[in-house]
Amino acid sequence: MAAGDGDVKLGTLGSGSESSNDGGSESPGGESPAASLPRMKKRDFSLEQLRQYDGSRNPRILLAVNGKVFDVTKGSKFYGPAGPYGIFAGRDASRGLATFCLDKDALRDEYDDLSDLNAVQMESVREWEMQFKEKYDYVGRLLKPGEEPSEYTDEEDTKDHNKQD
């Protein structure tokens, strides 16, 4: 499956049709919520910590793909609470992306090692990961249970952000 094939099956999910100027509802000043938020410092997240960034409790929206956490706030019209892919906000979206399923049943409440996915589904997850890397800021890793977070220096954080720009 080519990297763009998933876009056809899941519509505009991560397809590049969002921009930072049309990322969702606008604030009274005319800016999207993403425009007013500072760039997030790199850190790692447990599933519980990730859930806080679902766009309803916090204006920032994060999701994880293949163990990597991305800030998708600029795509809030897609990933926000009212968006067609809002189910992925604050969650590990890997299984839903791999199986092209937008049902809550496709997402796990506990850490998902994806070990039951087949080779085609795992390739799909890796392709989605690459698309999210190109489009959104990588902000850290999704921690496995018992795993300790990494300490990121300001230099690493700046280097990663410059590489993404």
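Cβ coordinates come from backbone N, Cα and C, glycine included.
The region 'Disordered' feature in TrEMBL is assigned to 1-41 (among others).
Per TrEMBL, the feature compositional bias 'Low complexity' maps to 15-36.
According to TrEMBL, the domain 'Cytochrome b5 heme-binding' annotation covers 45-143. Within the model, the domain 'Cytochrome b5 heme-binding' (45-143) carries an average pLDDT of 95.
The region 'Disordered' annotation in TrEMBL covers 144-165 (among others).
Positions annotated as compositional bias 'Acidic residues' by TrEMBL: 148-157.
Residue counts for the domain 'Cytochrome b5 heme-binding' (45-143) under DSSP, split into helix (H, G, I), strand (E, B) and coil, are 41 helix, 18 strand, 40 coil.
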